[in-house]
Amino acid sequence: MGVQTCAVAGRGVVAYLLAMTAAQNDRSASTPSVASAHDKILIVDFGSQVTQLIARRVREDGVYCEIVPFNKAEEAFKEMKPKAVILSGGPESVHEAGSPRAPQLIFASGVPVMGICYGQMTMAAQLGGEVEGGHHREFGRADVEVKAQSKLFEDVWSSGSKNQVWMSHGDRITKMPPGFSVAGTSPNAPFAIIQDEKRKYYGLMFHPEVVHTPDGAKLIRNFVRKIAGLTGDWTMRAFREEEIAKIRAQVGKGKVICGLSGGVDSAVAAVLIHEAIGDQLTCVFVDHGLMRLNEAEQVVDLFRHHYNIPLVHVDASKQFLGELEGVTDPETKRKTIGRLFIEVFEAEAKKIGGADFLAQGTLYPDVIESVSFTGGPSVTIKSHHNVGGLPERMNMKLVEPLRELFKDEVRKLGRELGLPEIFVGRHPFPGPGLAIRCPGDITSDKLDILRKADAVYIDQIRKHGLYDDIWQAFAVLLPVKTVGVMGDGRTYDYVVGLRAVTSTDGMTADFYQFDMKFLGETATRIINEVKGVNRVVYDVTSKPPGTIEWE
């Protein structure tokens, strides 16, 4: 999946450019995984846009897994010694010259293997089957009919049943490899599911990892638990203990600086590091004046007074707003904010002095996306707008305690660490903050209006018990004014747009279908309680074609 350039809070204030340097890659490779003592599954990535969903499904079942590009899979297999392997889908055709293959070492090892889409095709071709390309393509929903019993289907699908799945393939198998049999068919795929239960090989032409295959997560669970025999010992409690030991070993008696954004990633990283090394950690919170109502005060109170973590609070709001005056282009806003953040953060770090390490809230998707499945820098990467090359500029080593976690796992870890739910469960917030929720030029007055309108909107959502049902909700102050009537007088005030979406990963999203009574009540409250607003509209655009944020 791609990475939005507005993801500072989601990735941690000091997340670096995703295209990591060779030196950083060398450092990562030499650092033992905290999962070294756990059962592991290796996921070989052939370039599917949903490979990360496979990993999330496996992790949800309590089993640690890692994603590696196909051309690094042999090395990873030898190092990890996984108990099972999953071959992902991908955009290539098995018939194309130079198309990727799984290492033969995997098939010679005796571990269970599940091939998904392209993974099924290359498994069949490599094990002696035949595959043809370009005919009878299937994309979208399809029904698979179960033709034989399988451990993969236990307590999920019964023989003869038809079940909805999500197809996305061009190639198809025409002759099975020796030892395989048909377990399921679809109208355009007579070998939709194949298996060799003796060797524990399973091939699926559909994608079990996506929500459009309703029983897909159960099929993956059966592969993980019943076929591979893994028990699920990957927990946030275990991760917490192991990562604390790892941080202590890495840092020793050194000093660490961590940037706080108010987002969950940087908050969890800071609390975990502080638990490991205490006051060797100093946090720097740069308030750019673009945060939500009372958010800066909440961050300072939590870390300085609740956790007693050394915190430098820098109110740079005048500097940021001064530089943003008259700026209307969204990308220029981002770059301006990013440049200023680097300048302010670097200046404060120099004042602290003597720091050996820079802590970052890098997540596992950042690590995955730093390299494409072909092994080079991913062409889909967009630069984070915040710190760029801070680690290199400041000659500091990196501490990245969350680099093996997905976002939902970070939230679980936050709860394990005892962070308040208002921090752990809050909706994603863009790094440029309200700057990209205020299209057009930015002023202090506009930001005050937007903060208050957003606070009323979120308060309404919480009061109606809807907050946890929504992926992200926020208000936007539109750069237009409209005529209204309040009392006996004419008004000419701003329009507020309301946005709320449901999503599983932020890559696609549907607008949340509020009850009209709720929208009416919310609009009335905003107009009555927020001076400068006389009209409220609701955004019913899905993603795609729109994006979640307006800028």
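Backbone N, Cα and C define each Cβ position, glycine as well.
The domain 'Glutamine amidotransferase type-1' annotation in Swiss-Prot covers 40-233 and rests on sequence analysis. What Swiss-Prot records for Cys117 is active site, nucleophile, and it gives sequence analysis as the kind of evidence. If you look up Swiss-Prot, you'll see His207, Glu209 marked as active site, on the strength of sequence analysis. Positions annotated as domain 'GMPS ATP-PPase' by Swiss-Prot, on the basis of sequence analysis: 234-426. According to Swiss-Prot, the ATP binding site annotation covers Ser261, Gly262, Gly263, Val264, Asp265, Ser266, Ala267, on the basis of sequence analysis.
Shown here: features listed in Swiss-Prot, placed on the structure.
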residue	record	contacts (Cβ under 8 Å, 6+ apart)
His207	active site	Val50, Gly89, Ile116, Cys117, Val165, Trp166, Met167, Ser168, Thr213, Gly216
Glu209	active site	Val50, Leu53, Ile54, Arg56, Arg57, Ile116, Gly216, Ala217, Ile220
Ala267	ATP binding site	Leu260, Val299, Leu302, Phe303, Gly414, Leu419, Phe423
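Other Cβ atoms within 10 Å of the Cβ of the residue listed as 'active site, nucleophile' number 28 in total over all chains.
Of all the binding-site residues given, namely Ser261, Gly262, Val264, the one with the smallest number of surrounding CB atoms inside 10 A is Gly262. There are 24 other CB atoms within 10 A of the CB of Gly263 (ATP binding site), with all protein chains counted.
Cβ neighbours within 10 Å of Ser266 (ATP binding site), excluding its own Cβ and spanning all shown chains: 28. Confidence in the domain 'GMPS ATP-PPase' (234-426), given as mean pLDDT, stands at 85.
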